[in-house]
Amino acid sequence: MSTATPRPAAVPNVIVVGAGLSGMTAAYTLAARGLEVIVVEAKDRVGGRTHSDPDYEGGPLDLGGMLIGVTHDRSRRLGETLGLTWAHARPEGRMTYRVNGDVILAPDSSYPTTIDGSDGFDVKLAEAYGKFDVLAARVGADGPWDTAFDRELDMMTVATWLELNVPDPVVRRIVDTDLNIIVGAATSEISMLFWAQYVAKCENMHALQVTANDALWIGGAQQISQRIAEQPGITLVTESPVTSVQYTDDSVTVHTKKSAYTAAHAIIAVPPASANAIAYIPELPLQRRQLQARAPMGRESKVQMRYPSPFWRESHQSGEVFDLDLGYLALDVTRPGDLSATIVAFIGGKDYDAWFALGDTGRRQAVIESLVATLGPAASEPLSYHETDWPSIPYTLGAPVTVMPPGLLSSIGTALNAPIGPLRFAGTEAAPMWTGYMEGAVRAGEAAAQSILDSLATSATTAAGSR
Ligand SMILES: Cc1cc2nc3c(=O)[nH]c(=O)nc-3n(C[C@H](O)[C@H](O)[C@H](O)COP(=O)(O)OP(=O)(O)OC[C@H]3O[C@@H](n4cnc5c(N)ncnc54)[C@H](O)[C@@H]3O)c2cc1C
């Protein structure tokens, strides 16, 4: 790996902007085919939204992306190829809910039946989530972009859709909180078309709620990008935010404050809002500009508590807590070999806003009090408490994924990943499937790399034919 200024002799074939998992996967795919790749990264590290602390007391801690899904084949294969191993997450046991101060233990692998003294919640919740699945199947992962149906869905927020389609206010509140956690935005901020397509890209609601959280990388998810950085053919330049990208039909120059790099192709592997902070000469087409200007990152914090043991398992609790009062989802993410047990809690969207306003001490107190109520008194004294506030992290600006307000998705069409001259767009947001996840980052990186390989093959064939 080289983190210094690139060797002058190494004229790159491709420049990758952004050393997150997507950009690194693209670089890996291209370098494996013999191309010279320069990866230019703003931060002082690779991995972007994956960031692991290997030396955290008690065992490695993942501060960002962490869980691998059952069908996350490409990212799993990539990690395994690089020598990593994984272990199953989600220990057996009952999930715990807290609603209006009541603590409810759900039956194994099911929603709770009785909430707030009234029955039938398992059926009502399954019905509400089932409606998302129906819409997701109709919208599909790839569009279409121009039907009246899609435009109508894009004219309303998820909050409005819930008001119209989910009569029970408690069910609405559960679904609402769930979405705040999944995408890090309030349902009043996001388009129903965006959400339906998000579900389609992640298979269905069951996949989003259960199978996406199947396993954990031993040692942490950031290692994938770190190991790619050691591969031949890849030159890494860190602490170099890209300020402008100047392009013609067949060449691109990427500028940082310190240097400029020129190649035949570039892959922009940063989220749309981060891509909007870069100047493009000439200007990008209108649809791509709109996407970058109008689609923000969600907002989410990841809070992790370490305990001497996973004491909740003794009472057949899985450690999974869904607290509607504070608005978070917690999971037991203890890895084999860890010296202590870990509970992680995700707080996003409007619940993040309210919780963040509590201040340092108030936030910690609120989370610990909730865990005491739901998992038991042993939760009161964690060995450690760690918050990662992603909205305050430069060049990422939020978590876990980009969201779209009404009116955007139906008007930007394919701008998420359409090539522009020598530019390709990667990043989990550009993924054909599993957008918002590490799997999406890998798939989008592979797709952008493949598009460049295809274009090089076409040029080679044309050149051979004209001889
Ligand atoms: C708290 C949290 C929890 C998550 N949990 C999970 C999970 O359990 N499972 C899962 O699969 N996914 C999870 N995700 C999502 C997953 O981490 C991301 O989908 C994935 O890592 C995105 O990778 P990426 O390469 O597309 O983007 P990023 O990781 O955002 O990479 C983009 C890179 O571009 C850099 N950059 C930005 N601007 C510039 C610039 N001007 N010049 C140069 N470089 C620039 C950034 O610094 C960054 O390194 C989570 C994310 C977060 C934040």
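Cβ atoms here come from the backbone N, Cα and C positions, even for glycine.
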Worksheet entry | FAD site partner of E41, A42, V242, E429 (as recorded in TrEMBL), chosen from S22, S52, S411 | S22
Discussion item. Between the two most separated Cα atoms in S22, E41, A42, V242, E429, the residues recorded as binding FAD, what distance in Å do you get?
Written reply: 19
Response to the item:
S22 (FAD binding site) to F346 (substrate binding site), Cα to Cα, whole Å, comes out at 23
Fill in: C-alpha spacing of A42 (FAD binding site) relative to F346 (substrate binding site), in angstrom
26
Item to complete: Could you tell me which of the binding-site residues S22, E41, A42, V242, F346 have their C-beta within a distance under 6 angstroms of some atom of ligand 1?
Response: S22, E41, A42, V242
Worksheet item: What residue among the binding-site residues A42, V242 has the most other CB atoms lying within 10 A of its CB?
Response: V242
Worksheet item: Helix, strand or coil: which one is S22 (FAD binding site) in, per DSSP?
Response: helix
Worksheet item: Of these binding-site residues, E41, E429, which scores lowest on Cβ atoms within 10 Å?
Response: E429
